[in-house]
């Protein structure tokens, strides 16, 4: 009985961390590390892998938990979120807050410890990226912007770009502010499209609690056009790696990434065009469900290209 209760408690806190979100972010960190390793021929130690992946997982989970803690009042009202651990009473507010703070501290420590398996500079950058991501997501987005500004997810979405940069800097600081930054930019620019498609689908829920998500407060037609513009921007930015020349003079990516970015970009633009043509919750939901695999495919292509280089 005690064992079953313990397992149930672990499962509830795991659910509270919103794993579907941090799985994708951890994957982008993994993809950036694999790409950097392949490009520069740098072997990544098991310890570095563990510190990098677990720090990103803990940091992302922490942001989700602390955001849920702050939003527990509106989550109890919105149909989409009423069954989450906090509004359903399966986790206490104090328990959620303490769990989130523990994860935040653990993520910072693990990121800083990358200095022990690589260089002090790499560890310092990894810890700085974790700290910025937490600050931007929890304080800037959740506490300052989410309930006040229609552009909340734009300014509050910078945190999404941190996992790929952590993955890159755990391998090398070379081209961190070119290729590493562009990888982070892929997630940052992808975020509004992804979230706006979700909020269009659940616009009534967001309006019920007076959260001014851009695609919830505007008409469906205007919202659909905003989503389409952000989708086109994402598809165009996904071609940015093709413009980058690395420090050794070589191109950052090759034909595999070009073909993947072009094909997947055309598909997601077509889906956004469907949302414009038929601005319904169903169309927005289809775009939302496709957006995560789309981002994952881009990072897979980056890894494959880097592997072919090696």
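Positions of Cβ are set from backbone N, Cα and C atoms, glycine also.
Here Swiss-Prot flags 21-41, 46-66, 99-119, 125-145, 153-173, 180-200, 226-246, 256-276, 284-304 as transmembrane segment, drawing on sequence analysis.
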* Structure fact -> Here the stretch out of 125-145, 180-200, 226-246, 256-276, 284-304 with the most C-beta pairs under 8 Å to the transmembrane segment (21-41) is 284-304
* Structure fact -> Maximum Cβ pairs under 8 Å to the transmembrane segment (226-246) among 46-66, 180-200, 256-276, 284-304 is reached by 256-276
* Asked: Can you find at least 3 Cβ pairs under 8 Å between the transmembrane segment (180-200) and the transmembrane segment (284-304), where each pair is 6 or more residues apart in sequence?
  -> yes
* Asked: the transmembrane segment (46-66): which same-chain residues, six or more beyond its ends, come within Cβ distance under 8 Å?
  -> 16-19, 21-22, 25-26, 29-30, 33, 96-97, 99-104, 106-108, 110-111, 113-114, 116-118, 126, 130, 133-134, 137-138, 142, 159, 162-163, 166-167, 170-171
* With a Cβ cut-off under 8 Å, give me the same-chain residues at least six positions beyond the ends of the transmembrane segment (284-304) that come close to it. => 24, 27-28, 31-32, 34-35, 38, 164, 183, 186-187, 190, 193-194, 197-198, 200-201, 215, 224, 227, 231, 238, 241, 253, 256-257, 260-261, 264, 267-268, 271-272, 274-275
